[in-house]
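Heads up, the thing below is written out as structure tokens.
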Amino acid sequence: MRRSMPLAQLLPDIPQARDVVISGLVMDSREVQPGDAFVAVAGFGAHGLCFIEDACARGAVAILFEPPAPQGVSVPDGAIAVHGLRARLGAMADRFHGHPSQAMTMVGVTGTNGKTSTVQLLAQAWHCLGVRSATCGTLGVGLYDQVVPTGFTTPLVLQLHQCLAQLRDEGAQAVAMEVSSHALDQGRVDGVHYDVVVFTNLTRDHLDYHGDMEHYGAAKARLFAHQDVQAAVINVDDPFGLRLLHGLAKGMRRVGVSVCGHTDADVMAQHLSLNLQGIGFDLVIGADHASVRSPLMGRFNVDNLLAVAGVLYALNYALSEIAAVLSTLRPIHGRMNRLGGQDGQPVVVVDYAHTPDALGQVLSSLSSHVCGRLICVFGCGGERDRGKRSQMAVIAESNADVVFVTDDNPRGEDGDGIVADILAGFARPNVVKVQRDRSAAIAAAIGIASAEDVVLIAGKGHERYQEVAGVRHPFDDTEVARRVLAAMSAQETVR
């Protein structure tokens, strides 16, 4: 049954809101249902006022808009002007849905890399500890193991509060949420109550949006200024994280995590061991320590596990419980997923690494465990930060023995132009293998690999599509790699 509420409870200072009862708050006219209030604010393409006719035809009982109206766009009689409407939406949605984030343990995770892995691993840890958990992020929104894709890392503000209300109503006790810099800059998480917030790292990404690293970092830092946050878990090995830690508000619990033995750390990993079967380390909290043996691959997954450990520590779990549950956590789809490696086949690893730092970390993690060659397949997304393309080329050339450059998601950009931007970063572009057909590139990379080699397929990870000219075609790196490996096995059997 749909909720209803007098609009005056959400806008008590607006006289026109009296005597109107609404059943929902909606910003997309195509999603309006009878009884909803349609919220018209400026978007990236057009102002919401351009879609009032559609909203009214679908049954909107109130039109809320943020003045001034764009030139040439008429405002219908009865539309309610609300100054500062966008900034009020979070509080309005939170109240309309009955403050859902206050009914659950809420953890927000921000940072350039590691958000998805940390969120998914935390939800998995809660599940293992008997807590009914849910996630919100790149993979979608839903209870643990029941995630539905949304298309956003962090949903838009009205949609987000609606999702949180649904999770609460479905019995979620704890929610792990990715919080992107775009979401923080655009107010998508306004009105959300967080118990714990997490910072993973800050490296180059999204400069097409933020302009420079200073503004990018400032957007991330907004999460730590949210009202009523009880604790902050921060990677103090990251220089920006250390600055963040020392700038936290008084009274907020500070949990520094470190692999490097930083003096500001409360939770540390020591005596690391890494191989293609997994990672091991001693988890240290204060004077106590416990052993962790995890099937996850890669040095950076130690950081992700430490972030999870930091959250559980902030929520008052004991060291023994934390170490035990970390050892049970399984790999996440599209994050350092390992295939092959048997019957003379090479090991194939699929990972979402799509930033210079992430690609460098994955290649570095794999290179120390490869007996033969490290072969890398990667591309760069279209209509995104062009500056990182040449940087990723430098990293691939420095860390891999063989490099295939291919298409990622060209989107509306010319694929040949993207490849040219990437090749400009190679010192020896003539030895780079260019194959824009991603399936063919994956097949070629696996085809030249021996049993001692490792093939990294980077950039798309969990994605099950490839976006070309505005159309998303079915595509899954993992499935393509599986088919290639299966075909190799079949050929060996015939021989």
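Easy rule for this one: first residue shown is 1, then count along the chain.
Placement of Cβ uses the backbone N, Cα and C atoms for every residue, glycine included.
Between the listed ranges 28-31, 112-115, 408-411, Swiss-Prot ties the annotation motif 'Meso-diaminopimelate recognition motif' to 408-411. Highlighted in sequence order, V109, T118, E178, T200, N201, N304, A358 have their Cβ within 8 Å of the centre of the Cβ atoms of G111, T112, N113, G114, K115, T116, S117, the residues recorded for ATP, and are not part of that set. When the alpha carbons of K115 (ATP binding site) and K220 (N6-carboxylysine) are compared, the span between them is 12 angstrom. Excluding the listed site residues R384, D408, N409, P410, R411, G459, E463, the same chain places H354, G379, C380, G381, G382, D407, K460, Q466, E467 with Cβ atoms within 8 Å of the centre of the meso-2,6-diaminopimelate site Cβ atoms. According to its DSSP assignment, S117 (ATP binding site) is helical. When the Cα of K220 (N6-carboxylysine) is compared against those of the binding-site residues T116, D408, N409, R411, E463, the shortest separation belongs to T116.
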